[in-house]
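Accompanying notes for the structure given below.
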Amino acid sequence: MAKDNSEKLQVQGEEKKSKQPVNFLPQGKWLKPNEIEYEFGGTTGVIGMLIGFPLLMYYMWICAEFYHGKVALPKAGESWMHFIKHLYQLVLENGIPEKYDWTIFLTFWVFQIIFYYTLPGIWTKGQPLSHLKGKQLPYFCNAMWTLYVTTTLVLVLHFTNLFRLYVIIDRFGRIMTCAIISGFAFSIILYLWTLFISHDYHRMTGNHLYDFFMGAPLNPRWGILDLKMFFEVRLPWFTLYFITLGACLKQWETYGYVTPQLGVVMLAHWLYANACAKGEELIVPTWDMAYEKFGFMLIFWNIAGVPYTYCHCTLYLYYHDPSEYHWSTLYNVSLYVVLLCAYYFFDTANAQKNAFRKQMSGDKTGRKTFPFLPYQILKNPKYMVTSNGSYLLIDGWYTLARKIHYTADWTQSLVWALSCGFNSVFPWFFPVFFLVVLIHRAFRDQAKCKRKYGKDWDEYCKHCPYVFIPYVF
């Protein structure tokens, strides 16, 4: 450990970072009994989510499309059993996929895979992996090209009437079922493949339900295609983006204009999809890629959960006449201003953190993708050198709050919901759910960093004392 604070404040490039990973967390194929720490309520919580996730998705969709965005409840004098049968009948009539729905769903997957293998991109390396004796896996990143080639192709198909994009909303229940089935099927196949064929499993508890949920493999691949990275960017956020783009095209076709409310949601979803695409190589060195296993939780949520629950602001604006959400000009302008300000902090904070990681690893390559915003890269950033050889950034936006990118991220989600007003609870699902997720992740990260850095983390917190909101939280 450095003797005093002045020795911990270093200028970039003064020291060489060790390429050997630090084993501060359990490693190996099987966890020892004293290493097992169940998250999400253990087996009971996992069973609840395996059943609850799809049921919640169906219920939210039914309320959005068939109950005018209201919470569906039994009518006066209607029994709960009759009510549940009615909901089930709606799923049978409107949520069972036909061949056309599977064609739409799988064609998108196929083209995303083809584009991954064929479009230009850049190569980068992940973190040193303990189970591979410090080896860094190569990652090919071309999501930026993929996003805009896919957008061009989709618009050509739409305007030539070969495929009207808003069909994915008109057949929402059926296509969502395709995603739910695929999420379960892919998770089961990958888990069994890992256990019995590849044997590339890690940190298993021996509780198959829990291990299935959390995942068995760490970095499953099809050649150069890393499944975890592929699922994290292209399937969820591109799908959400195209759902909203379809809604905009429908409004333009129906009314001759796109409402300011749907416009701000479209801007938000494009900004987010674009941010994930342009920063794909910056996802590579994150905790999720280096240590999070790839199981049902990540697979299902990326295939089905994210695109088909986070889109309820879009569904509300699509299913309702614009007269039902006619806000004042000041309110509408405020939504755009708050969104763009939040995005600026979200983009630049993440860029500062990830550029610092690249600098410390000796990677001096730069990539200026649109939009390249001021203050994305810190020159000669201040940082701490910990006793285990790691570097902690104590400069830029992170001196204001350690999770300032979470705050900015959540603020964007708040704008999504505010665009719809308060007549339906379902557009508010994402910001409420996301707030819980971010708080859980923040405290999980706090505990992880405390274990990893020890007293160095206490020193770091003196430099960056706030978590979410400067001088408040």
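Cβ atoms here come from the backbone N, Cα and C positions, even for glycine.
Swiss-Prot lists Lys353, Arg357, His405, Tyr406, Asp445, Cys449, Lys450, Arg451, Lys452, Tyr453, Tyr460 as binding NADP(+), and of Leu393, Leu418, Leu435 the one it places in that same site is Leu393.
Identical topological domain names are assigned in Swiss-Prot to Asp226 and Gln412, which places both on one side of the membrane.
Cβ neighbour count within 10 Å across all protein chains ranks Leu393 highest among the binding-site residues Leu393, Cys449. For the topological domain 'Cytoplasmic' (250-326), the DSSP counts in helix, strand and coil order read 59 helix, 0 strand, 18 coil.
The transmembrane segment (40-64) and the transmembrane segment (175-197) are in contact, since at least 3 Cβ pairs between them lie under 8 Å (pairs 6 or more apart in sequence). Fewest other C-beta atoms within 10 Å: among the binding-site residues Lys353, Arg451, that description fits Arg451. In the three-state DSSP assignment, the secondary structure recorded for Tyr406 (NADP(+) binding site) is helix. Annotation for Tyr406 (NADP(+) binding site): spatial neighbours Leu438, Arg441, Ala442, Phe468, criterion Cβ-Cβ under 8 Å with sequence separation of six or more.
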